[in-house]
Amino acid sequence: MNLVTVIVTLVQVILFAALAPLLVGVMRQVRARLEGRAGAGVWQPWRDLRKLLGKEPVRARGSSWMLRAGPLVLVLSSLVLAALLPLVTTVAERLVTGDLFVVVSVLLIGAVALALVGLDAGTAFGGMGSSRHMTVLALVEPTLLLAIYALSIPTGSSDIATIVEARLEDPSIIVSPVGLLAMAALVIAVVAETGRLPVDNPSTHLELTMIHEAMLLESSARDLAWLEFGSWLKLGALLGLVGNLLVPWGVATSTDALPVLVGAAAAGVKVLVLGALLAAGEVLLAKLRLFRVPELLAGSFVLAFLAVAVSAMVS
Amino acid sequence: MTESTYAELIGLCAGALLLTSVLTVWYRSQRASIRALALQGVALAALVAVVAVDRSEAELIVVAALVLVLKGMVLPWVLSRRPAPATGAPAPPQRGAGSAGDHGAGDHGAGDHGAGDHGAGDHGAETPMLNPVATLVAAALLGIVAYAVIWPLVAGSASPAAHAAPVGIAMVLIGFLVLVTRRRAISQLVGFLALDNGIATVAFLVSGGVPILIEFGVSLDILLVTLILQVFSRRMRAVFGDTDVDRMRELRD
């Protein structure tokens, strides 16, 4: 660990923090255009954040310090996630290695904080949202672990940066049968983890179906801004991970200035393109009934499991 | 074509074949699983084309075109034709008439908004004999069995095509699974065609395909079987209003 590595990691975190609201703006805009609406413009999430951050939060009487701390924990966990994942560079000697298990537990910390925020005020909707969120999470985490684990077998390391580097050097890993199965499972797990469409509709406040929005109902102003920002950053970082695993070209493998700049530009483009594709796909999808969600996630778990078993047998 | 590109393309096609055969199990709605079957046909055609270019055989290109037209387009089209309502009988209720969000039906197994449309059309949700999660786990186990049995046989070979051969066996087993766990005639047909795709995959991967005459014969066979079964299931639907095989245990006048 040296100064250059710290600076490169900072560049990555700041890039993704700046990119996350833009990403959500682009996704909403794509969706609006495809549905024949004008849309609010790609900078609207930034404006929303600024407005919310300038307001004084109103908290329910009887709510605890969790309502105050939860949003910050979520944002911090997302920032750590953006620092851990190999989004701009794959340089290994970072502050903490972006090991698969570390990444999943950081994801879990943010998710638990969010669920506690939902439970804190003791309202019906918040509790309902939290319980659903935890149910989905219990099914998503094993899939996520197993999918990345399947990707790690050909490279012999559970460090995600090493996995991305190995895929950059030997593209045949990407298109192998095992790689395809694991990527399909990973994409479904990421979609479920970030609460996108077949699992949760991010743009609805219909009480029967909402998961993510239900947990935010009791938050306002600063708290709400941090919760939204943390979720967006998580979406951005996970999309960046998927982008780098699918198309590893462009990611920097050293800490020199030029590769890092190219890597930052490539990461930005990949995340925005993936986000636009995801939003376009969401237009065609209907939300899955809540009791069908375990079926979807079981399917993705089976794909990941098959990938692990097959690659263990082949190697 | 260099050796590594060849290996990558074979791997890509084999992966797509395995993925689509898991999708036929996964999707609950018939329309979606027929679409997965069409994708599988296209992937199989791509595989044949890759093998053809590698062996530089013009004959195999013809076979690839044949596979693309037959398995990628004609068979799925035959399967997805909506049976006409029986004449004289009251028209069945329109599918999805009362269910919002019908536009998304069929994607990711989401084509089950109208749970009440059982019997309203053959294209509605399938109610398999095994619950979906158990079927998926069974499919994964079959895939593992295929690899466990076939891998020792092909591990010694240097050819990347032989290394992908277990995928074909897995497709055969998963096809069988679909065949035995579905109730509707058309869904069983999907399983049968997936099974046939698996056999063809093994043939192309291991020996670069069978002679073109046999390939033509088998294709014609498959087409005829599908056409006959499709007509048969339409007749069944016209007479009984359903193609649930379980309800047809008895012979009647």
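Note that the numbers count up from 1, one per residue, in the order the chain is shown.
Note: Cβ is positioned from N, Cα and C throughout, glycine not excepted.
TrEMBL: automatically predicted annotations, no manual curation.
According to TrEMBL, the features are:
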- A:6-27: transmembrane segment (TRANSMEM)
- A:65-88: transmembrane segment (TRANSMEM)
- A:100-122: transmembrane segment (TRANSMEM)
- A:134-153: transmembrane segment (TRANSMEM)
- A:173-192: transmembrane segment (TRANSMEM)
- A:232-251: transmembrane segment (TRANSMEM)
- A:257-284: transmembrane segment (TRANSMEM)
- A:296-314: transmembrane segment (TRANSMEM)
Seg_contact(the transmembrane segment (A:134-153), the transmembrane segment (A:65-88)) with at least 3 CB pairs under 8 angstroms, min sep 6: no
Residue numbers, six or more beyond the limits of the transmembrane segment (A:65-88), whose CB comes under 8 Å of its CB atoms: 8-9, 11-13, 15-17, 59, 94-96, 98, 102-103, 106-107, 109-110, 113-114, 116-117, 120-121, 160-161, 164-165, 218-219, 222-227, 229-231, 233-234, 236-238, 240-241, 244, 251-252, 260, 263-264, 267
Long-range Cβ neighbours of the transmembrane segment (A:257-284) (under 8 Å; 6 or more residues past either end): 8, 11-12, 15-16, 19, 22-24, 26-28, 30-31, 34-35, 87-89, 191, 196-197, 235-236, 239-240, 242-244, 247, 249-251
